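Novice: Below is a structure I'd like to ask you about.
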């Protein structure tokens, strides 16, 4: 046989048993994600979400976000070696690409065909030979089945919190109901962003909207592509896929940082399942969650903060990003910054501390971290003129967030306005020294309530972790989050969002610590620690020290005694471990792991009580029918009239209304936080509620008046607007039309009397109960 002769060996076909085992494994890998999807769809159906709307979104999300996003992420950064993480990280890239398409199509006036954009992206990856390789994972590194099932379980919990806490309590319009006001605010923004990339204030038409509105642009573009109604997207469809993405990317960040696969489920659990550890029978601190029902912007921003943090971890370890990676970093950093004002400050904390640590560790200039710092500065410069908002009236004050807490107010008195004052809350300068302790006591309790997350800082005590600059990146994000929460003073307690934005980094650092202190395969001690922590939390809450009666008399006991008991329990546990570690050799080396796991488990009972309570209410039909706000109503007829305007008035038309107050009726006690007219009509309003106008926020506390009770920042606008309803004249309506471009009137007799003369000066177009919709002449 010559040397050039090819020898072909017969490769034996796989045995039937091997093929069957492989198919079983594939099924087991898919099954947990099918469970997540089934739970999501089941809860949407149970909460009376229209099936057609759900189907449209179910087609849109994979084709409009996931497929183009995964392809773009792989092209810019490469695959992460497994499909679930590729989907999570790819979803963030897909949303960013969608927003680029939204900006292009809407600015060109062709937003109605925005659905073409994701198909174009997919077509490029199908047509260009060099891009086709991104349709598959070139170097598969599948994660264990246990990872998939654990992450799926946490995703189910996250979706259940949405379904039971938000969807069950907020029926779709039109129905007499009350939403939390900020949901209406974002709804109105999204309606604006459906037809312009330079939105005006929906409640003060014509004034530019300077706010972190990218999450609203996403909901607008999702509506435009999917064809689902904006109301359904706002109240049902958008959040589920986002929180599932959050679970996936936080797990990916932790695995990447620790290089241990099971750190992912631990971090996801810490981030999603432990918003609060409440061990005080008579007190509860602030919950800190990745899916707050009251902040769509925070929920939306978390995945982007997480993926940017993951890229920073790579930079800290010297992993080159190359030009494509920098493009991804810049794109996601813009979305994170423009989605929540707390995102960039916490990421800057990670960049700066991580860069400093890298310089100390390597004694070399941290070029990539400096590049990240430059990119952050550039993003800040580009976004501030258009998107900087929500910070008017903010300042520096230690512990300002607790001035909003009822237990603080009951001790120091009510003669103050939260969100005002200097370096300390004003009452700290006037109450006796014994009462001043309430502020540091509340700070300590807040930290303990977040024990599962702050434990991560202890990772820096380990030399092996301390020598890794990636740990300092995560710690820097966490420190920046806590610094913002404890040092910033915001008119509406917005400083808490800094520590919310740091959740992914803190959760990843805690998981990293646990993997570092746990002996190999020490699953039983870790499970025992989690169980011990959960039992301790449950017993403290149910049977711990607490006194009924006036809080002013018992606050020291009610705050301090449970903490003392917790310390005693920890001491007893440590003592028992020390005494028995020689008798049971398996306990040797597990003490720290058990301690960290117990700290994580401490908050599980609080979560269980919250979720089980919501489930009981939901399945018994006893959820608050008034919704989250619960103390005022928007009636079915008011919603019907608003919906008529949304369907019949051109999108660019402005509407005038006599509704300005949260309680609808305009009186001397008006709370100026009405946003529902601009939301439900899906049109900008000449003047509705003005609580979030920059001038109103900046004047918070002046003359002893909080921003939500302040008079209109534009009294002339209000005079002309309100006169159109109470004392209309032909000249007055003409001024309203010509000066403020109003073309429609939404007249609500529940808000204030409506003159019958209006019917002679404008054309009635729709009537529902107390509401009449008029069209102005001209």
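Placed from the backbone N, Cα and C atoms, the Cβ positions cover glycine too.
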Novice: Which stretch, out of 410-426, 546-562, 563-579, is listed as transmembrane segment by TrEMBL?
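Specialist: Of the candidate stretches, TrEMBL labels 563-579 as transmembrane segment.
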Novice: Can you check which of 346-362, 618-634, 635-651 TrEMBL lists as transmembrane segment?
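Specialist: Checking TrEMBL against the ranges 346-362, 618-634, 635-651, the transmembrane segment one is 346-362.
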Novice: Taking residues 6+ outside the transmembrane segment (437-460), which of them lie with a CB under 8 Å of any CB in it?
Specialist: 270, 274, 276-280, 283, 285-286, 288, 398-399, 402, 405, 407-408, 411-412, 424-425, 428, 466, 471-472, 474-475, 478-479, 482, 486, 499, 503, 506-513, 516, 555-556, 559-560, 563, 566, 596, 599-603
Novice: For the transmembrane segment (58-76) against the transmembrane segment (114-131), do we get 3 or more Cβ-Cβ pairs below 8 Å once near-sequence pairs (under 6 apart) are dropped?
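Specialist: In contact, yes.
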Novice: Tally Cβ pairs under 8 Å between the transmembrane segment (143-164) and each listed stretch (260-281, 293-313, 497-515, 563-579), then give the stretch with the top tally.
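Specialist: Result: 260-281.
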Novice: With a Cβ cut-off under 8 Å, give me the same-chain residues at least six positions beyond the ends of the transmembrane segment (325-340) that come close to it.
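Specialist: Non-local partners: 73, 76-77, 92-93, 95-96, 99-100, 212-215, 297-298, 300-301, 304-305, 307-308, 311, 314, 347, 371-372, 375-376, 379-380, 382-383, 387, 497, 501.
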Novice: Take a look at 88-108, 260-281, 293-313, 497-515, 563-579 and tell me which one has the most Cβ pairs under 8 Å to the transmembrane segment (114-131).
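Specialist: The stretch with the most close Cβ contacts to the transmembrane segment (114-131) is 88-108.
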Novice: Give residue numbers and ranges for long-range contacts of the transmembrane segment (497-515): same chain, 6 or more residues beyond its ends, CB-CB under 8 A.
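Specialist: Apart from its flanks, the transmembrane segment (497-515) reaches 249-250, 253-254, 257-258, 260, 262-264, 266-268, 270-271, 288-290, 292, 295, 298, 301-302, 305-306, 309, 340-343, 345-346, 350, 450, 452-459, 462, 465, 471, 473-475, 477-478, 480-485, 488, 526, 593, 596-597, 600.
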Novice: Six or more residues out from either end of the transmembrane segment (563-579), which same-chain residues have a Cβ under 8 Å from its Cβ atoms?
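Specialist: For the transmembrane segment (563-579), the sequence-distant neighbours (Cβ-Cβ under 8 Å, at least 6 residues beyond its ends) are 279, 444-445, 448, 532, 536, 540, 544-545, 587, 591, 594-595, 598.
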